[in-house]
Amino acid sequence: MAQILSGENLAKQVLLNLKKKRRKNLSLAVVQVGENQVSLKYITEKEKAAKALGIEFRLLLYPASVTQAMLVREIQKIGRDKKVSGMIVQLPLPEHLNTQVILDAIPQRKDVDVLSSSSFREFVFGTFPVLPPTVAAIALLLKKTRKKLEGTHVAVVGAGRLVGLPVSVWLAQQGAVISLLQKETKNIPQLIKKADVVISGVGKAGLITGSMIKKGAVVIDAGTSISENVRRQASNISRANKIVGDVDFKSVSKKAGYLSPVPGGVGPLTVACLLSNLIMLADASKTWR
């Protein structure tokens with residue numbers, strides 16, 4: 001059976017250390033467009049963690065019908081607010097909005113998610129002060145395995161801006177041998193089977209099964225989606241929604257050496273790393289060019 005990599009325990013340690021570094025008058029602004037159950041869950045977790053550190057939390061809600069021009073103006077306005085220390089735009093955005101254009105409205109010194117083009121470019125070159133929160137979380141989980149990444153074959157499933165793309169950049173910086181797997185990639189199961197480390201961030205329940213995993217591999221599940229369980233109770237049908245990952249926990253846990261679950265793995269640790277970024281960028285902004 002796999003050893004479980006608990007992000008919750010690590011997150012508690014990170015937040016405890018942040019309390020010692022706590023700065024006065026810090027605030028985090030979160031922009032949410034429309035409604036998304038997964039997004040709302042993570043916003044709630046960010047708010048809870050921020051308030052525990054004495055960080056002011058501002059949630060700015062906009063309708064799904066908001067125009068791109070209006071949203072860009074609003075984000076630029078928030079970015080100019082001297083009382084806002086850091087800000088994020090909660091993803092995903094409605095399809096009529098150009099996500100990168102929206103993210104590029106975030107000033108670098110407040111870009112705690114490292115998602116604007118200029119911030120990400122500096123991250124690629126290793127000159128941005130912080131790592132993307134999900135990358136930082138995955139790095140901490142991998143550190144717990146004590147596995148050397150240099151020369152290690154890592155399969156990254158999905159090339160999204162939140163997980164696959166940034167974690168691939170970071171892994172390359174560590175000297176790992178990377179297979180970045182997308183829909184168009186051929187022989188995906190075989191490539192995953194060869195990997196010593198598997199990181200998945202697609203958002204498709206049950207995508208990774210035990211038969212696809214090398215025995216003893218490290219598996220990091222960074223995918224999130226809503227699973228709808230339909231249960232019959234007498235004559236009534238009740239529906240229960242819950243957050244699930246990409247990995248089939250039951251079958252993969254029998255093959256993997258280490259496994260981070262969903263929930264309780266990457267998610268809570270990402271929130272802690274985001275708040276760490278807020279504090280570090282607030283400090284760095286004092287000398288920002």
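The backbone N, Cα and C atoms fix where each Cβ goes, glycine too.
Taken from TrEMBL as is:
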type	residues	note
DOMAIN	6-113	domain 'Tetrahydrofolate dehydrogenase/cyclohydrolase catalytic'
DOMAIN	132-283	domain 'Tetrahydrofolate dehydrogenase/cyclohydrolase NAD(P)-binding'
BINDING	Gly158, Ala159, Gly160, Thr224	NADP(+) binding site
### Message
Within 10 Å of its Cβ, which one of these binding-site residues (Gly158, Gly160) has the largest number of other Cβ atoms?
### Response
Gly158
### Task
Only counting partners 6 or more residues apart, tell me which same-chain residues put their Cβ under 8 Å from the Cβ of Ala159 (NADP(+) binding site).
Leu165, Ser168, Leu180, Gln182
### Tally of residues which DSSP labels helix, strand or coil - the domain 'Tetrahydrofolate dehydrogenase/cyclohydrolase catalytic' (6-113)
51 helix, 19 strand, 38 coil
### Task
Across all the protein chains here, work out how many other Cβ atoms are within 10 Å of the Cβ of Thr224 (NADP(+) binding site).
23
